[in-house]
Each structure stands twice: as structure tokens, then as C-alpha cells.
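**Q** In case it's useful when we look at the structure, here is the feature table from TrEMBL:
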- CYS265: active site, nucleophile (ACT_SITE)
- ASP30, LYS35, THR85, THR123, GLU160, LYS268, ARG332: NAD(+) binding site (BINDING)
- PHE157, LEU158, ARG159, GLU160, LYS209, PHE254, LEU255, ASN256, SER257, GLY258, GLY262, LYS325: substrate binding site (BINDING)
- 318-417: domain 'UDP-glucose/GDP-mannose dehydrogenase C-terminal' (DOMAIN)
Amino acid sequence: MKISVIGSGYVGSVTAACFAELGHEVICLDIDKRKTDLINEGIPPIYEEGLGELLQKHAGKNLTATTDYESAIRKTDISFICVGTPSAEDGSIDLSIVRAATTSIGTVLAKKEGYHVVVVKSTVVPETTEKFVIPLLEESSGKIAGKDFGVAMNPEFLREGKAVYDFMNPDKIVIGAIDQKSGDLVSKLYETFKCGIIRTNPSTAEMIKYANNSLLATKISFANEIGNICKRLKINTYEVMEAVGKDSRISPKFLNSGAGFGGSCFPKDVKALIRKAKEIGYSPLLLESVIEVNEKQPILMIEMLQRKIGSLEGKKVAVLGLAFKNETDDVRESRAIPVIAELLRLGAKVSAYDPMAIENMRRIFPTVEYFGNARDALQGADACLVMTEWDEFKQLDSEFEAMKEKIVIDGRKVINSKKVDYEGLCW
Ligand code: UDX
């Protein structure tokens, strides 16, 4: 099939490369020429495992990139909207980029002959496709959805760092189409996958995505709540949750307690669902607590540190791990952000290290001192906070010798060293 993918960020570039790998003709569209140039050269615009290989293989062949909506939409039969939906101040999602992309697609559809399906892959709250995207498409194209063109909502469940693998090996495909014809066309794209395809309407598809992410986030906050209780009772919460996870109704995944969840999805999605619920007159107490627990976890680390070394004024604190999780350079909503902000507010001197995310964190905290390795960041430090579950931190031992006081507070259960005064956040 001929597919255009609007937006070349994390979701768009992976979706485009994977559809190309599945044998489709793919055109990437982005308003940022830097990104389209990179894709045309076979270079990923973001770091994602396996993406470089796929782009190298398909760029210039069945995968091209352009900044021109007209040609991208005209030359394809199906368009995936994969643009960002950032958090607005009030927790709702900012639909301005979706609006711009949708209007641009509609404007081309106005002049295009033949049936075209527009698929929303961006994460949008329930009712957005039906009440926002479709009216905009109809208005900008002068055509009618379901008659002149098709519409579907097809959420992604891709983990950063594992997105290519997840795309190719999904647990489920969800397609919420406005009619049989649009749904059938989108389903065809995924027919080689072994997993089941769930066919439904757009609002249900949107809600599946939010319920999915909110439940995973809830599991983490739940594990953190239990962890915080265990800590006070001197019980190892990892032992507890390992046993709990053996219940087949629960599963052992997403039960690791620690500094909490970050990333571009969980905090934003839970907040957007809370906001949507309130908008329609429901107060989602559980979801609000999920966020509250998550926001407290990094602050608990600072409180533990203060109990150990007193005032942080003038103290040197090494922060190991800046990315929101391992194997990514992404710092969005990283738990290291509130920790660094609080350390700076309390007058501490922060020395930071991450194997991949330093440049991204430098944009947020330009005055923090960054180091190229853990040992240098630990040099002369009074204490160390571990914020990301990087594998290389498991090997740290002799590196801790560089510290003045060997105090480590581990937010991710990665440190094995016997040479430090070690404290886990909630175990
Ligand atoms: C998540 C979802 O997994 C994915 O399906 C969705 O499409 C996007 O959001 P991602 O943001 O890439 O993916 O990260 P994920 O691997 O799920 O981890 C999210 C955060 O939770 C990380 O900060 C991680 O450190 C934290 N986490 C995860 C825990 O604190 N404990 C756990 O047990 C698991």
C-alpha cells in the first residue's frame, strides 16, 4: 500500500520505517526540513534501537521524506497522523499540531481524487477523532467522512528504546474506524502480524490507549505506595512484589518501585484522562493519587538525603542517570528533573552523568556540571542519587571511591556496591 506518515518524531519515524520494512511504499512528511533530510539520508532523526538499520535499508527506495503535504497526500492512499500532543498547562492535551496537520491533509484531500483514509495514531483523548479531527477534515476538504474519505483511530503501544521491536511484535492492534471500509483498509496493513486485531469505534480506541497507559502507571504508583510502607516496616518490597506478580491475574511487570515513572506518555496521558474526566463531571480519585504518588517519590529521595547529611547548602551531590529510563536519551518528565530542581533550590552543587542524555538535560539545566563518566561526576561528592536504571551503574564499585562521603540513594535498585552507605528509596 502507499502510506504517508505525518510527523517524524518517535512514533512517526518508527511507524514509517516499520511499514517500509513490511513492504509498503512510505512517504514521511514533516514541516522540519532537517528531519526529512536526515531520513532521506537514512539517518534517524531520534535515537531508537534498530531504526537506523531500517532507514539505511529503505531510504531512497520505498521510504522517502518530504516537507510537501501536497505530494505526500496525493501520492498515497492512507495517511497516519503521528504528530505530538503535548501537555497544556491545565493537563489537557494541546491539539494545535493535530489541528495544523489535519487541516493540511484536508486541504489536499479537497483536490484529490479517489478514496483516502486518514488514521489518527497520535494519542488523543476519547472523542477527539470524532468531534475534532473529522469536523476539521470535512471543513478543510469540503468532503464528507465515511462517504468521500475514511477515518480511523489506531493507537500505538510502543515503548521508547524498544519501539521497532514493539511495532513488529505487538500484543494487540486496535483499530477504531468510522466504517467498515476504513477499518478493513487499515487492518490489511497489519494482517501479517500474529496478534489479534481489535476492531472498534474511534472513541473506544482512544480510551483503550488511555486505560492501558493509566493502568500501567497505576501499577507503578501502587508498587511505590507498597514500597514506601515496606520501607518503614523494614520489609523488602521487591520480594513482596515478586511474589504478588506471580498471581497470573496481576503479572510481574511494572511492579518495580522506586523514583516513579517519567517519559512522554504516562504522566501526560494520566493527566489528560483526569482532565477529560473532570470536563465531563467525574472526579477520578484513583488517577489523581497515581500522579500524586509519582510526584512525591523524587522528593522522598531528597528527604532521605537530608536525613543523612543534613542541610544540602553547598554540598556536592552526584546525580547518576538523567534519561527517564535506560536505553534512551529522552529526558521528558524524567524523575531526575524534579530531583535536580530541588537540589539546586536547596543550594546543593549538582554533578551529573548519563550515558546518553546529557545534551538533552543541559537544555533544561544549563548551569549544572555534566561529566563524561560516572567516576568524574562522583569525584569529591558528598552523596549520590541514582535516577535511571542504566545497566552500567550495576558495575559501579571502584568508581564510588572518588566520593568524599560514600552515600548512595538508589531510586532504581541498580547499585550492588558494598563500598557505599547504600539506601534504596523504598526497599
Ligand atoms: C510507555 C508504555 O509502556 C507504552 O506502551 C506507551 O505507548 C508509551 O508509554 P515508555 O514511556 O517508553 O512507554 O516507557 P516504559 O518503559 O513503559 O517506562 C515508563 C516509566 O516507568 C519509566 O520512567 C520507568 O523507569 C518507569 N517504571 C517502569 C517504573 O518506575 N517501574 C516499573 O516497574 C516499570
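Every residue gets a Cβ built from N, Cα and C, even glycine.
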**Q** Comparing the binding-site residues ARG159, ARG332, which residue's C-beta has the most other C-beta atoms within 10 angstroms in this structure?
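**A** Of the binding-site residues ARG159, ARG332, the most buried by Cβ count within 10 Å is ARG332.
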**Q** Cα-Cα, whole number of Å: THR85 (NAD(+) binding site) versus PHE157 (substrate binding site)?
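**A** Per the Cα atoms, THR85 (NAD(+) binding site) and PHE157 (substrate binding site) stand 15 Å apart.
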**Q** Tell me the Cβ neighbour count for GLU160 (NAD(+) binding site), meaning other Cβ atoms within 10 Å of its Cβ, over all protein chains shown.
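**A** There are 24 such Cβ atoms around GLU160 (NAD(+) binding site).
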**Q** Which of the binding-site residues LYS35, GLU160, LYS209, GLY262 have a Cβ less than 6 Å from any atom of ligand 1?
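**A** Near ligand 1, sequence order: GLU160, GLY262.
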**Q** If you count the C-beta atoms lying within 10 Å of each candidate's C-beta, which of the recorded positions LEU255, CYS265 ends up with the smallest number?
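**A** Looking at the recorded positions LEU255, CYS265, the Cβ with the fewest others within 10 Å is that of LEU255.
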**Q** Out of THR123, LEU255, SER257, ARG332, give those binding-site residues positioned within 10 angstroms of CYS265 (active site, nucleophile), comparing C-alpha atoms, in sequence order.
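**A** So the list reads THR123, ARG332.
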**Q** Please work out the helix, strand and coil residue numbers for the domain 'UDP-glucose/GDP-mannose dehydrogenase C-terminal' (318-417) from the DSSP assignment.
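**A** Going through the domain 'UDP-glucose/GDP-mannose dehydrogenase C-terminal' (318-417) residue by residue, I get 32 helix, 18 strand, 50 coil.
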